[in-house]
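Here's the structure, in C-alpha cells; my notes come after.
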Amino acid sequence: MTVPVVDRGGIPVADRPDWRWRSWDERDPGRIPVLIALVLIALVFQALNGAYLSADNLVNLALQASTTGILTLGVVLVLMVGQIDLSVGAVSGVAAAVVTVGFVRAGWPLIVAVLVAVAVGTALGAGYGWMFARLGVPSFVITLSGLMVGVGLQAQVLGPTASVNLPYESGLVRFAQQTFLPPVLSAGLVVAVVLAYTTSRLVDRRRRIAAELSAPSLGATAARIAALAAGLGVPVWYLSRGRGVGAIVAVFIGLVWATDIVLRRTQWGRSVRAIGSSVESARLAGFPVRRVYIAAFMACAGLAALAGVLSAGRFAAANQSTGGADLTLTAIAAAVIGGTSLFGGRGSAWSAVLGVAVIHAISSGLTLLTADGSLRYIVTGVVLALAVTVDAVSRRSRGVPGR
Amino acid sequence: MTRPPVMSLRGITHSFGAVRALIDVDLDVSAHEVVAVVGDNGAGKSTLVGVMAGALVPDAGEVVVDGREVRLSSPGLARQLGIATVFQDLALCEDLDVVENLFLGQELRRGPVLDEVAMEREALRLLAQLSARVTSVRGPVSGLSGGQRQAVAVARALLGEPRVLVLDEPTAALGITQTAEVLNLVERVRDRGYGVVLVSQNMADVQAVADRVVVLRRGRVNGDFDAETASYEDIIAAITGIAPTRRRGGVS
Ligand SMILES: Nc1ncnc2c1ncn2[C@@H]1O[C@H](COP(=O)(O)OP(=O)(O)OP(=O)(O)O)[C@@H](O)[C@H]1O
Ligand SMILES: [Mg+2]
C-alpha cells in the first residue's frame, strides 16, 4: 500500500488531491465518449448531406428530441433506483388522448385538460410504485401490464374515431409548434445560468479552502465555467440563426436541470442513488425506501404524461399510435446511451439530453438520406447494444457482478 | 461493580420460516463495557445484531434502552436511540463515494441542499481518528480494499456519538495493524462510556478487549462468562457444546 500524504492536521490526503473535490457525476467517464460519438455522427452526416447541420434542421431536431427527452428523463429516474418502466410510451399516449379529448370534446379549459392528463399519468405511476414497493411484484411485469392497460385506456378515451385533432390556434399547439424563446430571453437565460454556476463554484471553493479541504485551482474552475458557457451558449446562438430555441426544448432542458440538482444536491437524490446501488444498504441506513420507489415511479409516469401532452400539441392531434411503437424502447435506449446504468445507482439527469441527442441525431440523419425507417431501427439497436455492453463491462470491471 | 445496563434484550426469539435463529435470548450491555458475542457459524449472531440494529423485528421478546422499553422497528429508530451498528456485510453502497457512504441516511444539510464541505471535513476527521488509510474520500467505495471498507463502516457507526456500538465481526477482513486499530478503537469507545457489543469468531480479539463473553449456540445463550476469569477451554466448550459447561437457557 502506498504511504498516504499527510497534511497539517495529520489527515491522510489522497495522492491525487484534484480528484477529491469533484462530485461523482463529474468523474463519471461515461460522458466524454458519448460527446465524441455525437461529434462523429454530426461530421459523418454533414459530409453526406450538407443540410444536416443547418440551423433549420437542428431546430427541428431539438423539437423532436425534446418530447422523447422528457420521457427519457423519467426513465432515468426509475433506472437510477434500479427498476424499469416499460410503459412510458403507453402512458404518454393515454395522456395525449386525455388532453385532446378533454379539451376538444369535453370542452375543458386547456389548463384543466393538461393537469388532468398529467394527473392520470402520475396516478398510474403511483399504482406501479405501490404494487412494486408494497407487494413486491417485479417492476418489469407491473409496467408491462401497465403498458397493456394504457393502450386499452387510450383507445377507450379516444372513442370510435380513434383520432382527435387539436385546433391549430389552441394554446397547446401554438406552444408546442410555434413558440420559440426570443433571442434576448434565451441569451439572458444562458448568462443567468452561467452566473449562477460561477457563483456557486466560487462559494464552494471558498468554503472548501476555509475548511482546509483540497480545492480546485482557479484555473480549473475557470475552465469548467468556460465549458458550461460554451456548451450552453454555442447551441443557443446557433439555433437562434434559425427559428430559435423552441418552448418545449426550454421545458425539457429546464426539467433536466432541476432534476439534476435534486439528484445531486438533496437528500432525496442521495437516497435514489443509494437505493439503486444497494437497496439493503439504503434500508439499513434508514432511508424511506418504499416512499422513494413510489416517488420515482410517479415522477417517471408524470413526466411521460407531460411528454404525451406536449407531443399531442406538436402533432396537433392524438391517435392510437401516439406514444406507440418504439417510443418506450427509444427512451430507455437514450437513457442508457446517455450513461445511466441499467443496473441502478449510476447515472445523471443530463444523460437524458445526451442519449436523446445521439438517437435523434442518427434518426434525423438517416431520414435526410433515405425515407426508409428500417435502417434507423437497425442503427439505433446497434448503438443501444453497444451502450449496454459498455455499461455491463464497466460494472464488471468495478468488481460488481451484473444482476 | 454493577451498572444499570444501557441496553437489555429480554427473551428475544426469532425464526426464519422453520429455522429457529434465536430462542429466548437475553443480553445486557452496560456503559463502559465490551460484551463479546461468540458462537459458531449459523449460531444466530448476525440475527441478534439485526434485532439490535432495528433491521429485524423479532417474533417475541423486548428491548429496553435506558430503562424504557422500545420497539426497534426500523434502522433509523435504532440509530436515533443511540444504537449504531456495523453489519457483517458492512452495508455500504458500492457506487457511492466514501463521504456519501459515511453519512448515508444522516446527511448534513445547509438549508435544503446537502452540505458536502462539512460532510467531507467530518469524514476526514473520523477516518483520521481511526488511522484509516483511504486513498480518496471522493472515490467510490467499490475501489477500496476490504480493510478500507471496514474502516469506512466503522467510521460511519461512530457518527453522531452513539451510546451502544454493535460490531458484527469487524476484524474479519482486516490485517494485523488494522485489527489492532479496530480493537484500540473498541477500547477507546468503551472508555468514553459507551456500551459495545462485539460479535467475533476470533478468540484472540475477544480475549484482548472483552469484559464479558456471551456464547450463542444454535440460537440459545449457552454461557455468559466473565472475560477475566473464564478459561479459553470453557468458552470453546460452550461454543461447540462438546464438553459439559455451565449452561443457561435449556438444552441444545
Ligand atoms: N434472511 C434469512 N432467511 C432465512 N434464514 C436465515 C436468514 N438469516 C439467517 N438465517 C438462518 O438463521 C440462522 C442464524 O444465522 P446468523 O446469520 O444469525 O448466524 P451467524 O451466527 O451470524 O453466523 P456467521 O458466523 O456465519 O455469520 C442460520 O441457520 C441461518 O441459516
Ligand atoms: Mg454472522
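Here the Cβ of each residue, glycine as well, is placed from N, Cα and C on the backbone.
Per TrEMBL, the features are as follows:
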type	residues	note
TRANSMEM	A:32-52	transmembrane segment
TRANSMEM	A:58-79	transmembrane segment
TRANSMEM	A:86-104	transmembrane segment
TRANSMEM	A:110-133	transmembrane segment
TRANSMEM	A:140-159	transmembrane segment
TRANSMEM	A:179-197	transmembrane segment
TRANSMEM	A:218-238	transmembrane segment
TRANSMEM	A:244-263	transmembrane segment
TRANSMEM	A:292-312	transmembrane segment
TRANSMEM	A:324-343	transmembrane segment
TRANSMEM	A:350-369	transmembrane segment
TRANSMEM	A:375-393	transmembrane segment
List, by number or range, the same-chain residues at least 6 past the transmembrane segment (A:350-369) whose CB is under 8 A from its CB atoms?
25, 30-31, 34-35, 37-38, 41-42, 44-45, 48-49, 51-52, 57, 60-61, 64-66, 68-70, 72-73, 75-76, 252-253, 256, 260, 330, 333-340, 375-376, 379-380, 383, 387
What residues in the same chain, six or more past the boundaries of the transmembrane segment (A:244-263), come closer than 8 Å to it by Cβ-Cβ distance?
59, 62-63, 65-67, 69-70, 73, 76-77, 80, 175-176, 179-183, 186, 189, 193, 236, 269, 272-273, 303, 310, 313-314, 348-350, 352-353
Does the transmembrane segment (A:324-343) reach the transmembrane segment (A:86-104) with at least 3 CB pairs under 8 A, where each pair is 6 or more residues apart?
yes
Determine whether the transmembrane segment (A:86-104) and the transmembrane segment (A:292-312) share at least three Cβ pairs under 8 Å, counting only pairs 6 or more apart in sequence.
yes
Do at least three C-beta pairs under 8 angstroms join the transmembrane segment (A:292-312) to the transmembrane segment (A:58-79), pairs 6 or more apart in sequence?
yes
Report, as numbers and ranges, every residue of the chain located at least six residues beyond the transmembrane segment (A:140-159) whose Cβ falls under 8 Å of a Cβ in that stretch; write 'none' if there are none.
84-87, 89-91, 93-94, 96-98, 101, 105, 124, 127-128, 131-132, 318-320, 322-324, 328
Surrounding residues of the transmembrane segment (A:58-79) on its own chain - C-beta under 8 Å, 6+ positions past either end
85, 88-89, 92, 139, 238-239, 242-246, 248-249, 251-252, 255-256, 259, 272, 276, 296-297, 299-304, 306-307, 310-311, 314, 327-328, 330-332, 334-336, 338, 340-342, 344, 347-349, 351-353, 355-357, 359-361, 364
